[in-house]
Amino acid sequence: EPETRPQSTDIERVASNVLNRIASRVTTHSLAEPGPPPDGGFKAWLQCAMAWLVVFCTWGYVNSFGTFQAYYSTNLGETASTISWIGSIQVWVLFFLGTFAGRAMDAGYFVPTFAVGTVFQLIGIFMTSLSTKYWQLFLAQGVCTGIGSGILFTPAMALLSTYFSSHKGIAVALATTGNSAGGAIFPLIARQLLPQIGFGWTIRVLGLLNLVCLCTAGIAMKPRLPPRKSGPLVDTSAFKEIEYMLFSIGMCFHMASLYFVNYYISSYGRDILGFSYSNSVTLLIILNVVGIPARVLVGHLADRYLGALNTLIPVLFYVNVLAFCWMGVNSQTSLYVFVSFYGLGLASFQSLIPTTVARMTKDISKVGTRMGMVFTFLSFASLVGPPIGGALVSAGGHTYIYAQAWAGASAAVGTALVVASRVYAFGWKLKVKC
């Protein structure tokens, strides 16, 4: 026994040294700064592709609501304003949860957050397939799907922005083309399948598509930054930044206008210009498809030449003018033309919001929180915009003229506030890239 003790002591000493070295390396690795964003390479662009899938399943599905707005108006016997609350609450919940989901991502809980969001999203879609009454659709498609989308979207976009610096604009723009792709593909599937297999199985097909895409994204997306455990849910310092607040409020006015147009354009074609249901869905498909190249173009301009905010402001003017031009659309041909041009502005507008917020955030570890805060602001605008527009349609004797004028005026106020944000931060110097 005395002879075995030194041997045992040596073994313990060696084991202790090995464990200490391993622990030291693990601790050093976990606390080490991740360094600057790779700004390219396989892993970074893989995150971009996976973010595309998330945007496809969340915003793509949300942007296809115009298809269901037209279908529900025909089959539920409710007014257009009442039905639009389903889409409005869906967008509101999606945006509102941005603050909480973004902060969870910053704190290192991306994986469980993504899993919870996926479960809510899929439950909402499959329960929608079983719904036959308005209140059931409101809870399933509006609330439950909105919760899932809100938990998924902000962390995915915030994570993507941590992988890029000089190419951040184009990366985010490419990811947000999933919005336009989903907004075209989901209505196309619905238009083809609804007459053949009915509402329930059509929605289940959409749910299975989301299941495959979200599971793929959940496996491949990897956070790059170490967790930021401490810190409040809301970055209150942002409220003291005039540039940030003017931008956020301006976006709210634009968002209210934008989602009214997005949700009601199909109904306008059917109710005012005599489009069939199939052709009214075609309007929504065109609205989304034309935006795919626009998203990539504005992302490239923002990265290479102008900066995100400088690129966004002309887009806001463009969308604002078109909102007023809608009042002059009085034929089926002119509506097709209007939708094509408006889709370019709509897509450009949506793709530049995350990039602009990321550029305004000096501390990269707060990107998720800051982005979520902006989306929470936007949630209230998207909640009230379509119902206000719908109420004005009814007040105008179903002529849409009051609602169209309101949409243009709201966009004008939003444009003025964003311009004020830029002037406050950088003055009237046009050559400043921001």
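Including glycine, each Cβ sits where the backbone N, Cα and C put it.
Annotation source TrEMBL lists domain 'Major facilitator superfamily (MFS) profile' at 44-433.
Sequence annotations record features per position, and here TrEMBL assigns transmembrane segment to 44-62 (among others).
Taken from TrEMBL, the feature transmembrane segment covers 82-102 (among others).
Residues or ranges marked as transmembrane segment by TrEMBL: 109-128 (among others).
According to TrEMBL, the transmembrane segment annotation covers 134-158 (among others).
Under the heading transmembrane segment, TrEMBL lists 170-189 (among others).
Listed as Cβ neighbours of the transmembrane segment (201-221) (distance under 8 Å, sequence separation of 6 or more from its ends, same chain) are residues 46-47, 49-51, 53-54, 56-57, 61, 110-111, 114-115, 118, 121-122, 125-126, 128-129, 152, 156, 159, 186, 189-190, 193-194. Annotation source TrEMBL lists transmembrane segment at 201-221 (among others).
What TrEMBL lists as transmembrane segment is 242-265 (among others).
Here TrEMBL flags 277-298 (among others) as transmembrane segment.
Taken from TrEMBL, the feature transmembrane segment applies to 305-329 (among others).
Beyond the transmembrane segment (335-353), the same-chain residues lying 6 or more positions past its ends with a Cβ under 8 Å from any Cβ of the stretch are 59, 172-173, 176-177, 179-180, 251, 254, 258, 261-262, 265, 268-269, 273, 275, 283, 286-292, 294-295, 297-299, 302, 308, 311-312, 315-316, 318-319, 322, 325-326, 329, 374, 378. Look at TrEMBL and you will find 335-353 (among others) tagged as transmembrane segment.
If you look at the transmembrane segment (374-395), the same-chain residues 6 or more away from its ends with a CB under 8 A from one of its CBs are 79-82, 84-85, 87-89, 91-99, 102, 153-154, 247-249, 251-260, 263-264, 353, 357, 402-403, 406-407, 410. Summarising the annotation, TrEMBL assigns transmembrane segment to 374-395 (among others).
For 401-425 (among others), the entry in TrEMBL reads transmembrane segment. A Cβ distance under 8 Å defines the sequence-distant neighbours of the transmembrane segment (401-425), meaning residues of its chain 6+ beyond its ends; these are 242-244, 246-247, 249-258, 260-261, 264, 309-310, 312-313, 316-317, 319-320, 323-324, 326-327, 385, 388-390, 392-393, 395, 434.
When the stretches 109-128, 134-158, 170-189, 242-265, 305-329 are ranked by Cβ pairs under 8 Å to the transmembrane segment (277-298), first place goes to 170-189.
Along the domain 'Major facilitator superfamily (MFS) profile' (44-433), the predicted structure has mean pLDDT 89.
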